[in-house]
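K.L.:
Here it is, the structure, as C-alpha cells.
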Amino acid sequence: MERVLKSARESGSLNLSNRSLREVPKEVYNNLDTGAQDEKWWEGVDLQKLILAHNNLEVLREDLRNLSSLVVLNISHNNISSLPAAIGDLPLLKSLDVSSNQINAFPEEIGFATALVKVDCSNNCLTDLPVSLARCLELSELNASNNTISVLPDELAGCSKLFRLNLEGNKLVTLSDKMFMSWTMLTEMNAAKNLLTAIPDGIGALSKLIRLDLHQNKITLIPPSIKDCSSLAEFYMGNNLLTSIPEDIGMLSNLGILDLHSNQLKEYPVGACRLKLSFLDLSNNSLSGLPAELGTMTTLRKLLLTGNPMRTLRSSLVSGPTTALLKYLRSRLSSDEGASGSGSTPTKDDQIAAARRLSLSSKELDLSGLGVTSVPPAAWETNDVMKLDLSKNSIEDLPNELSLCSSLQSLILSNNKIKRWPGTVFSSLASLSLLKLDNNPLAEILATDLEALSKLEVLDLSGSASSLPEPSAVSKLPHLKELYLRRMKLHGFPDSLLGLKLLRILDLSQNYLTSVPEGIKDLTSLIELDLSDNNITTLPPELGLLEPNLQVLKLDGNPLRSIRRTLLERGTKAILKYLKEKLPAE
C-alpha cells in the first residue's frame with residue numbers, strides 16, 4: 001500500500017480498485033500526507049484522480065472535502081448507501097462515477113460541484129434526481145439507468161450541454177417538452193424500459209440526435225415532429241403500444257436502423273418506404289401485408305416479419321432471405337403500375353406543377369430526378385421556398401433568377417453537370433446553410449467563391465476531384481458543421497480543416513490519404529469522422545483526445561498496421577481509448 005501511495009503522491013492519481021477495502025485509508029483523506037519524516041512535501045502533487053471501484057466500502061466520509069483538487073472520483077461497485085455533503089466542496093470535480101451501489105438519494109450539495117461534466121449514478125436505489133443538479137451547467141453526460149426514478153425535475157432543462165443521456169430501467173411516466181426544447185445538443189438518448197406513454201412533440205428540437213432508444217414502454221404514438229430529428233441513425237421502439245407510424249418518418253434521411261417489433265401496427269406506411277434502412281424489425285405486430293413500395297428499399301439488409309398474420313405473402317417469403325422478399329415486392333409494384341388505368345405517364349410539367357403545389361405548405365420544393373437540363377421557373381416563382389432539391393438532373397448552369405430565392409436555406413444540386421461555380425447566384429442567398437454540389441464536374445473553387453456563403457453549416461463537394469477548394473477556402477466558413485469530401489483524390493489531409501472548430505461531421509472517405517495529422521485533436525466538436533477506404537497505415541495517439549465526443553470513427557478499407565483487427569472490430573470507443581493510452585504521460 002505504501003508503494004502505491006508514494007506513486008500517487010508523485011502522479012496525482014490513485015487507483016485502489018479491487019482490493020476488498022472496507023474503508024477508505026485515512027492517508028487518502030489527508031491528501032496522501034502520511035507525515036513520514038523522509039517525505040519532501042514540495043515534490044508532492046495534489047490528488048486529482050481517485051479510483052476506489054470494486055471494493056466493499058460502505059461509507060465515504062465528509063473528510064472528502066480535503067481533496068479539493070480532485071477531478072475524477074470513481075467509487076462504483078461498492079456498498080455505499082449515501083454520499084457525503086462534502087461532494088459539493090470539490091470545485092474541480094469533472095467526472096463522478098457512483099454506479100452500482102445502494103445510494104437512495106443525492107445530497108443537494110451536489111449542485112455546488114459546478115465543474116461536473118460526467119455523472120454516472122446507474123444501478124442504485126434513487127427515486128429522484130436533485131433539483132440542484134441543474135446548477136451543474138457543464139454537465140454533458142448523465143447515466144441514471146436502472147434506478148426507480150419516476151419523474152425528472154423540470155430544472156434539468158437548464159443542463160443545455162447534455163449530449164448523452166441514459167435513463168433506461170426506471171419508472172418514468174412522462175418526459176417534458178421543456179427539456180427536449182432545451183437539450184438541443186443531445187446525440188444519444190436511452191429511456192427504454194420505463195412507463196412512458198408518449199413522446200413529446202418537442203422531440204423535433206433534437207436535430208443532432210443520432211440514437212434514440214425508447215423500447216419497452218407504453219407509447220401509443222410517434223409524433224410527426226420526429227421528422228425534424230434529421231441526424232437520427234438508430235431508432236428503437238420495440239415493445240410499445242403503437243398502432244401506426246407517421247408518414248413523415250420517411251423524411252429521416254440518415255435513419256439506418258428502425259426497430260418496431262412487438263407493437264400493434266396494422267400497416268407500414270408507403271411514406272416510410274423512402275427510408276434508407278439497413279435493418280427493419282416489424283416482427284410480432286398485426287400486419288396482414290406490406291406495401292409494394294417497400295421493395296424499393298434496396299439498402300435493406302435485414303427485414304424481420306415473423307409473428308404477423310400475413311395474408312398477402314407466402315410464409316416462405318416472410319421467413320426467407322430479405323433480398324428475395326424485396327425482389328417479390330418490386331415485381332408486384334411494377335405489375336400494379338401496369339394494371340392501374342390508362343397507362344399514361346405524368347409529363348414533366350405535371351410533376352413540376354404537383355411539386356410546386358406541395359411546396360406552398362411545406363416550403364420545400366422537390367424537383368429531383370426529372371431529367372431537366374435547366375432549372376424550371378417554378379424554382380423562383382415563389383420566393384419563400386426554404387429547401388430546393390434539384391438533384392439527379394442534367395443541369396449545367398444556375399440562372400440569375402434563382403437569386404430571388406432570398407429565403408432559401410437548403411440547396412441540393414447533387415448529380416448534375418454544373419461546371420462553373422455559380423458565384424452570382426450564391427452571393428444573393430444570404431440565408432443558405434446547406435449546399436450539396438457533390439458529383440458535378442466543377443472547376444476549381446477559389447477562396448473568394450466561399451466568402452459569400454459565410455453562414456454555411458453543411459457542404460458536400462464529394463466526387464468532384466477537380467473542384468478541391470483552395471487551401472484557405474474553407475477557412476471562410478467559420479460556422480461549418482458538416483463537410484463531405486468523398487472521392488476527391490486527396491493525397492494529404494487538408495490542414496485548413498483543422499481550424500473548423502464547430503465541425504461535427506467530416507467525411508474524407510475514398511481518397512488517397514496516408515496519414516492523419518496530430519492537429520486532428522483540435523476538432524473537439526467532431527462526433528463523426530469517416531476515413532474509410534484510404535491508404536492510412538497508422539493513427540496518431542492524439543486522435544484519442546476526441547473521446548468522448550467522437551462517437552463514429554470509420555476506418556474500413558485502410559491498411560492499418562498499428563492496430564489489431566480485433567480492436568478495430570470493437571468499435572470507436574475501444575479504438576479511441578487505445579490511442580489515448582498511447583499518449584505520453586504529462
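Numbering starts at 1 and runs along the chain as displayed.
Every residue gets a Cβ built from N, Cα and C, even glycine.
The repeat 'LRR 2' feature in Swiss-Prot is assigned to 68-90. For 92-114, the entry in Swiss-Prot reads repeat 'LRR 3'. Per Swiss-Prot, repeat 'LRR 5' is recorded for 137-159. Here Swiss-Prot flags 160-182 as repeat 'LRR 6'. Swiss-Prot lists 207-229 with the feature repeat 'LRR 8'. Look at Swiss-Prot and you will find 231-252 tagged as repeat 'LRR 9'. According to Swiss-Prot, the feature repeat 'LRR 13' maps to 359-382. Swiss-Prot lists 383-405 with the feature repeat 'LRR 14'. Residues or ranges marked as repeat 'LRR 15' in Swiss-Prot: 406-428. The repeat 'LRR 17' feature in Swiss-Prot is assigned to 454-476. Annotation source Swiss-Prot lists repeat 'LRR 18' at 477-500. Here Swiss-Prot flags 524-547 as repeat 'LRR 20'.
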K.L.:
Can you give me the average pLDDT across the repeat 'LRR 14' (383-405), rounded to a whole number?
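P.N.:
Within the repeat 'LRR 14' (383-405), the model's average pLDDT equals 90.
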K.L.:
Below 8 angstroms Cβ to Cβ, which residues of this chain, lying six or more residues outside the repeat 'LRR 20' (524-547), approach it?
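P.N.:
That would be 187, 208, 210, 481, 486, 501-518, 553-563, 573, 575-583.
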K.L.:
Taking the repeat 'LRR 5' (137-159) as the reference, which of 92-114, 359-382, 383-405, 477-500 gives the largest number of Cβ pairs under 8 angstroms?
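P.N.:
Comparing 92-114, 359-382, 383-405, 477-500: 92-114 has the most Cβ pairs near the repeat 'LRR 5' (137-159).
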K.L.:
Any residues 6+ beyond the ends of the repeat 'LRR 3' (92-114) with a Cβ under 8 Å from its own?
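P.N.:
Distant contacts of the repeat 'LRR 3' (92-114): 48, 53, 68-86, 120-138, 143.
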